[in-house]
Each structure stands twice: as structure tokens, then as C-alpha cells.
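Peer 1: Please read through the structure below; I'll follow up with questions.
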């Protein structure tokens, strides 16, 4: 795909000695967006995806490389090698070399010679396009500034209204903090690069989560950039064992298997139903003094932990006393049932004090979860019926909510669905999901009643004016035919995150809630997007729940 027919340069293939292979096979680069992949560069290496990189050509002959694949790309510029991961961007100039896979598939970027390869019409088009781009850039800059000013003004108004105005009103929540003894029990946002300091108050980075003397780690995720992860958490190469439960495809899996540290064990859970994925995002970190459980929304890739609105919940649990070994609670049973469904490999490890143990699902019963302030809900692929009908997905949420009492103010109160990817939905399934999310009793033991659902999703304009620009859109996917269904029109609501300074950090976070005004009945942080594959769909006259993917949720009320 290109936005212009003005040729600004070529990518010329090189051999391993960085010599030109065949000048006839050079790839033309045009002004605007050029999407290149396996078919364009004529390689059979499946690590090169069909949409591997986007080159955004400029009128001055330079170009920006944006990585569209889960595999990294390297730019050689002068004496530097710059590694770019998924959705990261780097500039290239005349003579720079692009490694489509680090150490493989070399291409040299060469500018077009103006006198030989451009007609006067092309030069006219370039000047006209340049003027248009400058005007558009000015408009975008002004619009972003206007939106930021509006956000800060609104935040200041909120502070004044609530008697919380500060000397520097632009720092809307600068003095907000959670007491340290409560911090592990709270939902937290991830730190976002490029935001003012106040917007990252009490937010966390991956280094704040994976820290200290970790004896054993379980990392559950969909996408895993091993190179980036080890660069920010080098301890993961030294821990006795790291079990990585993932959903990666063959090309990335090959890279992981070939280059992983010796202490890493890879596991991809079985997917019995087509089009399913392992999408759960969680961590279990075993320490000398207990276990840290983390439920979050980020893939283990750089862009997810630095550039998007994301969230996590984590809590630390001590080892059980000997006399309490048989005691359990709802959270513990939730966790063990889910881990059992993953069919984990058996791992033996020597732990201080305990000695040699087998790390299987039952191992995690050794910790005391009685202080858990939440419930764990999961989705597991399969056709679930009989006693398993209410064990997973939205039916598990329905079961938990049915046992909860809420204040009367939440009768028929609205529901919020906020996520990053929209599946193929229909009105019947939306009613089914709303029935689960509307479950629960008022404090007088009468049903809360059905709530009206709102779908919060960014607009194209939100994406365009975001911190990442249009590149952010790749993490907010849905086919147009799914988005434009007429029955969805009544659900749409606008994405805004003014109070946290994240209106321009596009959401990869997934949250679902029931609320009334500023009060929340319950809140759900999850890896699940809005899809039947993630939440499950009832079949056979509501006697069977079909789920395609693995997901994990944290529910608080």
C-alpha cells in the first residue's frame, strides 16, 4: 500500500557480506506508506511475516521504519545497530541497512537520483505534497495542543469542584497516592512514556513487578519478546526456573526455542477448538516469603509496557502455616482449577527450606490466599456442560455475582465494556453477556435487574492524535464489517481518560464494570476483549458453553 507514486528511493538486497545481490530485484520506495513483507522481498523464511514492516517515505528522501511483526528488525546506521520491536519506529537515511530479521535478510536503502529518475511533474507533486503535509502537521499539532489544554482544564475544574486544587493546577492528581500498606491490594496503571510526572503517580513498570529474590516464575501471555524482556528484567536469566506459557505462532516460537536461556521452559496449552488462542496475561512469582500473583493486560513486548493505557492488579500471599495446609478459599480454588486446565509440564525445583518439590498446579495450594480482596475468573477452551457449565467465562462471572449483595442504587444501573479488540457479535449474544453482567441481588435480596451496556472504544481521530499516531491502531483491531453492524450503534461511547492523563495513550487495557454515578458495584480487569471466543457462547438451549481461548480476569466488588 502506498499513498503516492513519487518514488523516493529503493531497498537493495545484500548478501551476508553486505554486497549487492541483484540490482534488478531492488524494491522501490514511494513517498507515503509502503507495506513490505515476505512476498515482497521474496524469502521463504516464515519469521518474516506477510506484513513485516511499514516504510513511511518523506519528501526529503528519508524514511521511517515501523515494525508490524512480532519479530524485531534491526537498522544499521553509520556505526550503530538499532533494534526495533513491534510497533517501534526508527529513521533511515541514504546508505543505511535494514536487517528484516536480526542477522538475516539485509537491504540497503538508497535515495533516488533526482536528475535521472524524477520528472518535473514528480517534483511538482513532491512540492505540493510537502506543502500539504506541513499544513496537516500544523493542524495535528494544534489539535493535539487543544485537546491537551481541554483535558487539563477539565481536570483542574474537577479538582476545584472537589476542593483538591493545587498551586500547580495542571498537575491534576500530583498528590494522589495510595498508602504503602494498601498498594499491593490495589488496581494500578502501567507507566506511560511521554506523560507528565503527575500522570504516572502510583503507576508501575515491569521492573516494579518482577523484582527481588524470585525463586521461580510463571509468565503467562500471548506475545513474548524475549530479547526485550531479558533486557528490562535480566534476573529472568538467573532464576532457577522460568515457565513461559505463551500463545506465539511458529515463527516466533522457533526464535524463542533457539535463543531462550537454559532456565526457561516454554509451554503452549492445548487449543482444542479452531481459531482459539492462549491470551491470558498473568504472573506467578515465588519468593522465600510467599507468592506474588499478578493479573494484567500487557503483552510481554516493549510497546505494551511503555506506550499504551494498561492496568494490573497484584497481591502478595504468604506461605501457609503447617496447621492451615488444608484450609482454602474461593480465590485459591479459582487459581488451582485454572492452572490444572493449562496441562502444565511437571517441573522439579529445589527451594530453600522446603527442598525438592514438583511444580504442578497443586503446589500453589501451599500459599495462604485468605486475604485476597478479589475473585479470579478464567476462560478455558472447550465445550462445557453439566457441572462445568458455570465454571468458566461469563457463566463463572454470573455465578459469582449471583452470590453478591449490592446497594439498591445499582438496580438497573449501567454496564461498561472497555476493551481493545471487537469480535463478530450479534444481538442474541450481547443479551446473553448482559444477563451475566447484570446478575446480583440488592441488599433487600431482590434482583438488581438488567443494566444498559456501553461500549467504550477509541475513534479514528483518537488514534490519529494519540502518542503513537496511527501506529496505535494496530493494537485496536476489528474488521470494518464487525464495527459497522447497525445494532451496535446504541452501545458506542467515547474513550476518555482525562483524570489520569491518558486520553492520548491508546487503551490496550480491558475493563468491565457496573456503576452508578461515581460509585462502582463491581470491577473486572481482564485479558478478554469483547468476543464470543473469549467470554464463551451458550449453545444447545443454554446447556453448553463454548469457549475458544484462554483468558484470565480479576473481579473486585
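Note: Cβ is positioned from N, Cα and C throughout, glycine not excepted.
TrEMBL annotations: computationally assigned, not manually curated.
In case it's useful when we look at the structure, here is the feature table from TrEMBL:
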- 279: active site, nucleophile (ACT_SITE)
- 281, 510: substrate binding site (BINDING)
- 508: active site, proton donor/acceptor (ACT_SITE)
- 531: site 'Interaction with DNA' (SITE)
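How buried are these features, and what lies next to them?
Peer 2: All chains included, 25 other C-beta atoms sit within 10 angstroms of the C-beta of residue 279 (active site, nucleophile).
Its Cβ placed at the centre, residue 510 (substrate binding site) has 24 other Cβ atoms within 10 Å.
If you take the C-beta of residue 508 (active site, proton donor/acceptor) and look for same-chain residues 6 or more apart in sequence within under 8 angstroms, you find 297, 298, 299, 304, 308, 309, 310, 420, 475, 476.
Applying an 8 A CB threshold to same-chain residues 6+ apart, the list for residue 531 (site 'Interaction with DNA') reads 421, 422, 423, 424, 425.
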Peer 1: List every residue in the same chain as residue 281 (substrate binding site), at least 6 positions away in sequence, whose Cβ is under 8 Å from its Cβ.
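Peer 2: Residues satisfying the criterion: 220, 221, 222, 295, 296, 297, 298, 299, 527, 552.
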Peer 1: Expressed to the nearest Å, what is the distance separating residue 279 (active site, nucleophile) and residue 510 (substrate binding site) at their Cα atoms?
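Peer 2: Here the two Cα atoms lie 12 Å apart.
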